[in-house]
Amino acid sequence: MRRTAVRLGRLDLCSPVMPASGCFGPELRTVTAMDRLGAVVTKTVFSDLRSGNPASRLAETRAGMLNAVGIPSPGLTGFRERTLPAYRALGPKVIVSIGGLAVRDYLEVAAGLADEEFAAFEVNVSCPNLEHGGLDIGTDPRAIEAITRGVRERGGDRPVIVKMTPNVTSVAEIARAAEDAGAEALTVANTFVGLAVDLDSRRPLLGNVTGGMSGAAIKPLALRLVMQASRAVRIPVIGCGGIGSVRDAAEFLVAGARAVQVGTANFTRPTVMSEIVEAFPALLDRLGARDVDDLVGTLATA
């Protein structure tokens with residue numbers, strides 16, 4: 001077994017490294033060592049066709065970017081016919097990210113994909129809940145439980161990973177709600193809500209006014225959330241937020257993650273995931289670790 005192999009619930013992965021949803025596509029296979037990735041995560045799919053938010057959708061910041069893409073989606077039919085086969089052809093296990101604007105939307109997508117071939121669901125709960133005033137669904141523990149249970153029941157016998165929003169008062173409470181409902185892992189976390197301003201026009205740089213902040217600037221914030229979530233639950237955590245090097249990835253493992261997702265760094269350095277995977281064995285040697293598990297949750301805070 002490779003020293004970098006990890007287990008996430010029922011998922012056995014050859015590596016702890018995978019792309020974050022929306023930050024990787026099949027076109028990057030020519031610059032990525034696909035056989036070294038633990039999995040690939042699709043862009044979030046909704047039941048219906050979605051065009052996304054009005055322009056402008058991206059705003060660069062000093063240490064990352066804001067996005068308000070609005071999660072365009074080909075809908076279930078387009079995803080089944082075109083998107084999913086392209087991801088399956090890459091080789092690694094496929095984790096399908098699903099979204100919705102109400103609990104029933106998630107269950108519809110899960111049922112519509114139940115008979116397809118892929119490894120696991122990642123439930124993106126950083127979507128506005130139209131049933132409760134537009135707040136992120138991921139801020140409501142009851143909605144988290146209902147979505148997680150429903151996806152497990154309707155989506156076939158496959159693991160469910162809940163991708164948490166960081167925009168909550170208590171990440172531990174939300175993590176426990178997902179675990180209690182049967183989630184086999186958590187992804188911590190999605191983007192932080194932010195604002196960019198055009199001083200000359202005195203208008204927001206994004207067409208949606210606010211957007212999700214990602215990139216190197218959020219790494220300390222994401223590390224804290226990973227530590228808190230991993231100490232609140234027994235299921236494994238996938239760390240996400242500002243990872244751009246093997247040292248970044250290892251810091252997330254020490255904070256409590258068992259695997260990591262690389263997001264914004266893929267846009268500026270498409271080879272970054274391959275670089276991280278290739279550098280892991282040497283870093284493990286330097287840290288005196290036999291394998292990835294030797295690092296997980298070793299942060300000393302007392």
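Using N, Cα and C of the backbone, Cβ positions are placed for all residues, glycine too.
Taken from TrEMBL, the feature domain 'Dihydroorotate dehydrogenase catalytic' covers 7-283.
Annotation source TrEMBL lists FMN binding site at Ser21, Lys43, Thr44, Asn124, Lys163, Gly215, Gly241, Gly242, Gly263, Thr264. A coil conformation is recorded for Gly263 (FMN binding site) in the three-state DSSP classification, outside any helix or strand. All protein chains included, Gly263 (FMN binding site) registers 24 other Cβ atoms within 10 Å of its own Cβ.
The substrate binding site annotation in TrEMBL covers Lys43, Asn67, Ala68, Val69, Gly70, Ile71, Asn124, Asn190, Thr191. A C-beta separation below 8 Å, combined with a sequence spacing of at least six in one chain, links Thr191 (substrate binding site) to Asn67, Ser126, Pro166, Gly211, Gly212, Met213, Ser214, Ile218.
Here Cys127 (active site, nucleophile) comes close to Ile71, Gly99, Gly100, Leu101, Asp136, Ile137, Gly138: these same-chain residues lie at least six apart in sequence, with C-beta atoms under 8 angstroms from its C-beta. Among the features that TrEMBL reports, active site, nucleophile is placed at Cys127.
The binding-site residues recorded for this entry are Lys43, Ala68, Gly70, and the Cα of Lys43 lies nearest to that of Ser21 (FMN binding site). Of all the Cβ atoms in the protein chains shown, 29 others lie within 10 Å of the Cβ of Lys163 (FMN binding site). Model confidence over the domain 'Dihydroorotate dehydrogenase catalytic' (7-283) is summarised by a mean pLDDT of 95. For the binding-site residues Ala68, Gly70, counting C-beta atoms within 10 A of each C-beta gives the highest total at Ala68.
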